[in-house]
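TrEMBL has this to say about the protein:
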type	residues	note
BINDING	Lys110, Gln173, Gly204, Asp221, Lys364	UTP binding site
BINDING	His205	substrate binding site
Amino acid sequence: MSTFLLIPLKKKKAKSPINSGHGLRLDFVVLQISKKDFDGFKKLFHRFLQVKGPSIDWAKISRPPEDSIQPYERIRAKGLPEDIAAALNRLVVVKLNGGLGTSMGCKGPKSLISVRNENTFLDLTVKQIEHLNKTYDTNVPLVLMNSFNTDEDTKKILQKYTHHRVQIHTFNQSRYPRINKESLLPIAKSMGADGEGEAWYPPGHGDIYARKEYIFVSNIDNLGATVDLFILQHLMSQPQDKRCEFIMEVTDKTRADVKGGTLIEYEERLRLLEIAQVPKAHVDEFKSVTKFKIFNTNNLWISLPAIKRVHDANALDLEIIVNPKTLDGGLNVIQLETAVGAAIKSFKNALGVNVPRSRFLPVKTTSDLLLVMSNLYSLDAGSLTMSKKREFPTTPHVKLGSSFTKVQEYLRRFENIPDMLELDHLTVSGDVTFGKNVSLKGTVIIIANHGDRIDIPAGAMLENKIVSGNLRILDH
């Protein structure tokens, strides 16, 4: 939570128009960095300097015991509580809302990008929770963990939800200085962020544990991360002496997920292993879909009393993730980050739940955006579900080229979103546009070489086709 440090100055006669003619008054200098942020960064940086070599001894890694990762079907089979409302009233939904839409060519918070029927990520989240509250007559609040990049714009837009049946609260992620990779000195020249936006960063989501709530936490751009009543019931129904304090939702790894963090057993504890912690000699082994079969969705369920106990005991030893970046001017910097899931090792009776892939539906690129905007998904009360008309439970593999990277350019290239119900694979590269009511089936590859342009005509049906060269439909 951002705070302000107020420094009283000596009383003096007014000379400026602001306080002229009124004698003495007390002025304050507001420094836009909190003592809490400074202390947090100091501890993180000190730990970074102390760490020698990888934080993981590869020889000590083993697969987690079978009973430590439960199949979702087994949890679902236990049914729901008699009083669903009572369970929901003990829950707070936290969405990680610190990211910008810059990777998709947008300005401002990523959560404000329209993803379906002109609904933004935030709109869909509010609708989901409002539907819960109306259906079960509950009061499940939404808490947004903003960063200094997203806080102001997010708070402005929250006014539109005043009359929705959901209480919305916000708090600010910490603000830490980026470090010059060579000198290991902060690149910021002052404590204020004005004009020095690149000098600061939000340090991952590990610092959410400073807030004491009973939470379901997930990324706001994961459209599959809805409140699951069966997982909630499992979390709350365990005997007191075997109370599950931390549930991490995992799902089966595919070739597209090889870099995702996975669960391991390490020194007799369940632990999250991120690719940044893996020694270079074992990276290929880590990416294997046969040895490490599941990955972290970052949908987490955590007990409030446990959070309070661990936080008060200062027992959150989150691994430091060193994230190298290159700024626009070419300067190489590093960001010291922590991940919320890394805390699993600090909680008792922690558990992984292997959930259906439908609970992991992130939108990181316009390729992902095409999927969720298409008829592959139906929208109901803010939740996206796979259309019953699709014969296969898996989503198509879509790869759009650099001409589609920015959202505005992507939207310009589709007169409307193609029918993709029977699509398995789509690759598009180069200057390509799609007319209205195009249908894509099977494997479709469209490649416009440099200097060429391909216009897919309105009403076209492409099934197991490779389209290349130059194809233009001209108005006359």
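Counting starts with 1 at the first residue shown.
A Cβ is built for glycine as well, from the same backbone N, Cα and C atoms used for every other residue.
Any TrEMBL annotation is an automated prediction that lacks curation.
Its own atom aside, the Cβ of Lys364 (UTP binding site) has 14 Cβ atoms within 10 angstroms in the protein chains shown. There are 21 other CB atoms within 10 A of the CB of Asp221 (UTP binding site), with all protein chains counted. Cβ contacts within 10 Å of Lys110 (UTP binding site), excluding its own Cβ and spanning all protein chains shown: 24.
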